[in-house]
Amino acid sequence: MIETDILVVGAGPSGSLAAKEAALKGANVLLIDRKSEIGSPKRCAEGVSKEGLKELGIKPDPRWIARELDGVRLVAPDNTNVFLDTSTIPIPEAGYILERKVFDKHMAMDAARAGAEIMIKTNAKSLKRIDDGFIVEADHMGEPIEIKAKIIIAADGPESRIGRMAGLKCNTPAEHMESCVQFEMAGVDMVNNQDISLFFGSVAPGGYVWIFPKGDDIANVGIGVLKSKTDKSAYDHLVDFIKTCPETKNAQPVEINVGGDPVDGLMSDRIGDNILVVGDAAGFVNPLTGGGINSALESGVYAGIVAAQAIEDENYSKRNLKEYVKLTDEHIGKNYKKYNAAKAYLLSLSDEELNEIAAAFKDEEFSEVTPRSLIKRLIKVSPKALLKLGKLF
Ligand SMILES: Cc1cc2nc3c(=O)[nH]c(=O)nc-3n(C[C@H](O)[C@H](O)[C@H](O)COP(=O)(O)OP(=O)(O)OC[C@H]3O[C@@H](n4cnc5c(N)ncnc54)[C@H](O)[C@@H]3O)c2cc1C
């Protein structure tokens with residue numbers, strides 16, 4: 001039987017940062033992932049906020065940055081463009097396009113350098129609660145093993161099972177799981193290959209289509225839809241878009257990525273005795289954009305710090321892990337309410353309303369956008385916005 005203070009299940013961004021932080025604070029840490037190669041296959045459009053990385057002290061490394069971005073292009077159903085410049089407006093998940101397969105590996109390498117032990121091709125299958133922690137049954141390189149841990153950090157992504165196995169109520173209802181499909185494509189004739197492009201309206205019911213540039217003619221072209229808003233699959237919506245969009249109709253795929261994105265907001269059940277849940281597994285995904293890398297990293301840091309302190313205190317009770325909930329509510333969750341309201345508004349708009357708003361904003365020189373100034377402007381453009389926004393705020 002392998003024994004450790006802290007077992008981190010999942011070496012995505014949240015798990016690697018949790019492992020690194022806990023190891024730096026002196027805990028004995030084991031990080032496991034079921035994959036043969038950490039980071040691969042990716043399930044991500046790879047957009048990340050520059051500021052977010054900076055705040056966590058993660059220095060940009062050319063080995064894992066595919067592209068540095070200038071801004072965001074919002075595209076209305078009638079193809080009207082609105083350009084936002086990230087140097088003047090802070091926009092979540094818009095700063096760099098990562099090479100996730102390299103980034104995730106580097107984050108795990110940093111955890112190893114901090115002192116964490118890593119086991120790849122190790123799939124956690126079940127949990128058994130014992131007096132002072134858990135015994136995890138796992139499959140390592142095809143062989144059954146057992147790992148005894150005082151604390152588990154569940155960093156096992158959007159289809160997380162570890163939290164639930166430990167008795168926590170942390171799952172995303174199907175109606176709030178964005179269904180995503182993406183092709184990495186070559187030969188994309190982008191309107192602007194320094195901006196990410198987001199296409200709204202009936203092209204992607206309940207979500208949006210994205211083109212995220214990774215090179216001059218290389219891009220992640222993907223879609224997220226809510227199953228409750230369409231009878232068609234996300235794949236069929238994306239194929240229709242690619243065939244008809246002038247930027248993608250001659251492009252060719254080199255990779256396909258399929259996955260769920262939990263856009264329901266933070267789960268309240270994020271801790272229990274001997275367990276903390278981080279990243280997508282706990283719903284740390286911006287409900288408006290579907291972006292979760294920055295908050296996965298940040299939640300991992302807080303979990304690592306709190307878990308290491310609990311090891312030092314020799315107290316792994318839920319009560320002693322509460323600081324994690326406080327930190328994540330304060331630093332991450334507080335913004336989700338307004339993002340949820342903005343999303344509800346966006347989803348309430350018809351194609352015609354989106355076209356009207358885009359037409360009014362298309363020549364705008366945005367120097368600063370505050371929620372208040374944006375709402376004022378929206379109401380001026382579309383008096384109907386007053387009715388819809390009134391219900392939300
Ligand atoms: C198509 C798509 C596009 C996206 N685009 C963006 C974007 O552009 N920007 C952004 O910020 N976010 C994006 N996201 C969301 C982003 O990918 C996630 O928020 C982020 O990866 C969450 O990190 P994580 O560490 O919580 O989980 P993950 O990155 O999912 O990592 C979980 C890890 O746990 C491992 N694991 C799972 N179960 C077990 C087990 N039982 N035993 C051992 N290991 C296990 C998995 O192998 C995996 O490595 C996108 C998501 C999708 C689906």
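Indices start at 1 and increase along the chain as displayed.
Backbone N, Cα and C define each Cβ position, glycine as well.
Listed features, source TrEMBL:
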- Asp33, Cys44, Ala45, Gly47, Arg100, Ala124, Asp280, Gly292, Ile293: FAD binding site (BINDING)
- 177-259: domain 'Digeranylgeranylglycerophospholipid reductase catalytic' (DOMAIN)
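On the structure: features taken from TrEMBL.
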residue	record	contacts (Cβ under 8 Å, 6+ apart)
Asp33	FAD binding site	Gly10, Ala11, Gly15, Ala108, Ile118, Met119, Ile120, Lys121, Thr122
Ala45	FAD binding site	Ile97, Gln182, Trp210, Phe212, Asn220, Gly222
Arg100	FAD binding site	Gly39, Lys42, Cys44, Glu46, Trp64
Asp280	FAD binding site	Gly12, Ser14, Gly157, Pro158, Ser160, Asp261, Pro262, Gly292, Ala296
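Averaged across the domain 'Digeranylgeranylglycerophospholipid reductase catalytic' (177-259), the predicted model reaches a pLDDT of 96. Broken down with DSSP, the domain 'Digeranylgeranylglycerophospholipid reductase catalytic' (177-259) shows 14 helix, 37 strand, 32 coil.
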